[in-house]
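The structure appears right after this line, and notes come after that.
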Amino acid sequence: MSLSTLSHPAAAAAGSGKSLFPAGPAAQSVHFPKARLPVPAAVSAATAAVHAEDRVSSLTQVSGVLGSQWGDEGKGKLVDVLAPRFDIVARCQGGANAGHTIYNSEGKKFALHLVPSGILHEGTLCVVGNGAVIHVPGFFGEIDGLESNGVRCGGRILVSDRAHLLFDLHQAVDGLREAELENSFIGTTKRGIGPCYSSKVTRNGLRVCDLRHMDTFGDKLDILFKDAASRFQGFQYSKSLLKEEVERYKKFADRLEPFIADTVHVLNESIKQKKKILVEGGQATMLDIDFGTYPFVTSSSPSAGGICTGLGIAPRAIGDLIGVVKAYTSRVGSGPFPTELFGEEGDRLRKAGMEFGTTTGRPRRCGWLDIVALKHSCQINGFSSLNLTKLDVLSGLSEIKVGVSYTQTDGQKLQSFPGDLDTLEQVQVNYEVLPGWQSDISSVRRYDELPQAARLYVERIEELVGVPVHYIGVGPGRDALIYK
């Protein structure tokens with residue numbers, strides 16, 4: 001894969017007050033604002049608070065927060081910020097492969113994997129929908145960790161009776177399959193997600209409701225064990241192992257029972273009662289089983305369609321969808337990454353952004369923002385707005401590149417994000433170069449107080465994808481957010 005760089009008028013025109021972008025169907029003119037007198041800190045904070053309240057209160061009854069890249073965009077933080085204004089926060093797909101890092105009001109860090117990010121807010125009901133897969137030991141491990149830190153979970157979490165159970169055997173199979181593929185690693189988290197969804201699709205999986213029928217639970221689990229043993233030589237299976245697992249799940253069944261509910265009914269009744277629901281997506285659109293960089297994808301649908309199938313609510317009930325996009329791009333594991341940076345440039349973003357997986361701890365691959373991939377995500381999901389995260393990480397760069405288009409080896413420009421990986425691996429990325437900024441922006445809370453070049457960057461993204469940026473992250477804390 002090669003790249004080319006387009007000279008951009010922004011570098012020369014910054015601060016001139018003139019339009020920085022050519023007029024045309026894909027872009028509107030952007031002008032830098034005239035110089036302003038300093039605003040007293042108290043007035044600035046009050047104005048920012050009012051703007052934030054207006055922005056959040058205007059969200060629709062059922063809203064969603066979805067990842068628009070390859071995950072790790074910072075979805076959990078936005079869900080945590082928005083959750084107090086919603087009655088319910090719901091997860092619709094995925095499992096413990098999703099890692100959401102959030103901070104409470106005291107700055108304490110919580111790494112969540114299956115429990116929805118709304119759990120830190122006492123008045124919020126958290127729902128794990130039918131589209132998710134549940135590793136019960138891991139689920140209780142999360143709950144125990146939260147409660148040991150003073151977060152009450154009892155009576156605040158509902159788990160769908162239709163959700164599929166993820167067993168340790170699925171995790172074992174995940175590792176065996178990855179080893180079998182040798183050099184063609186997909187980059188699985190080895191949490192058993194893919195094998196569990198495989199069991200679901202082949203219709204021999206067990207669901208949460210099966211825990212209510214322990215008289216037949218062992219026979220159903222035996223089928224899963226035998227299937228794994230017949231497929232993988234390295235999988236150890238015995239009747240004694242099956243018996244141990246059944247006894248273990250008898251105890252889990254008793255503890256899980258208070259959490260189990262028909263969440264499809266609960267959510268639809270809540271919609272009738274005008275309660276507000278915030279949907280928290282796991283992973284991201286570029287990892288979608290249908291629309292991502294297949295086969296280097298997850299096993300569920302982290303795009304807008306997964307909300308309906310993963311929660312059992314009608315498409316017409318869904319209103320605002322917020323796409324979360326990092327100010328640059330990262331991905332964990334294998335797979336195409338057209339704008340990836342190598343060497344010192346990639347290391348600089350990785351260190352500044354602390355780009356190490358919440359779930360795996362693996363260093364993330366880093367690169368420039370890919371507008372082609374972002375437009376693909378916006379098209380599929382119909383985002384009403386974007387949350388641009390980690391803008392502060394770009395501080396200190398003399399220039400910032402944005403991948404705006406792909407060119408094929410024959411010189412033809414691609415009109416869309418290709419589904420063919422061979423094509424994607426060979427594209428040439430065409431970049432625009434924008435001026436960077438040197439100041440630390442982590443304490444900025446008003447959009448008009450950002451450096452001129454930072455505002456240019458935000459507005460150019462809006463122009464290129466045709467979706468407004470309403471939220472801008474400038475640090476990890478829940479207060480490090482600008483409402484635009």
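The backbone N, Cα and C atoms fix where each Cβ goes, glycine too.
Features of the protein shown, as given by Swiss-Prot:
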- 1-44: transit peptide (TRANSIT)
- 71-77, 99-101, R364, 390-392, 473-475: GTP binding site (BINDING)
- D72, G99: Mg(2+) binding site (BINDING)
- D72, E73, G74, K75, N97, A98, G99, H100, T189, R203, Q283, T298, R362: IMP binding site (BINDING)
- D72: active site, proton acceptor (ACT_SITE)
- H100: active site, proton donor (ACT_SITE)
- T358, T359, T360, G361, R362, P363, R364: substrate binding site (BINDING)
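In the structure as shown, the Cβ atom of P363 (substrate binding site) sits within 10 Å of 15 other Cβ atoms. Cα-Cα distance from D72 (Mg(2+) binding site) to Q283 (IMP binding site): 7 Å (rounded to the nearest whole number). Looking at G71, G74, G99, G361, the binding-site residues in this record, the fewest other C-beta atoms within 10 angstroms of the C-beta turn up around G361. Taking Cβ-Cβ distances under 8 Å and a sequence gap of 6 or more within the same chain, the neighbours of R362 (IMP binding site) are V332, G333, F356. L391 (GTP binding site) sits 18 Å from the residue listed as 'active site, proton donor', taking the C-alpha atoms as the reference points. Each residue contributes its Cα atom, and for G99 (Mg(2+) binding site) and Q283 (IMP binding site) these two points are 8 Å apart. Using CA atoms as reference points, the recorded positions G71, H100, R364 were checked against Q283 (IMP binding site), and the closest is G71.
Sequence-distant contacts of K77 (GTP binding site), defined as residues of its own chain at least six apart whose C-beta falls under 8 angstroms from its C-beta, comprise T101, I102, Y103, S117, T389, G473, P476, R478, L481.
Distance noted between the C-alpha atoms of G74 (GTP binding site) and G361 (substrate binding site) is 16 Å. According to its DSSP assignment, H100 (active site, proton donor) is in a strand. The binding-site residues in question are N97, T101, Q283, and the one with the fewest Cβ neighbours inside 10 Å is T101.
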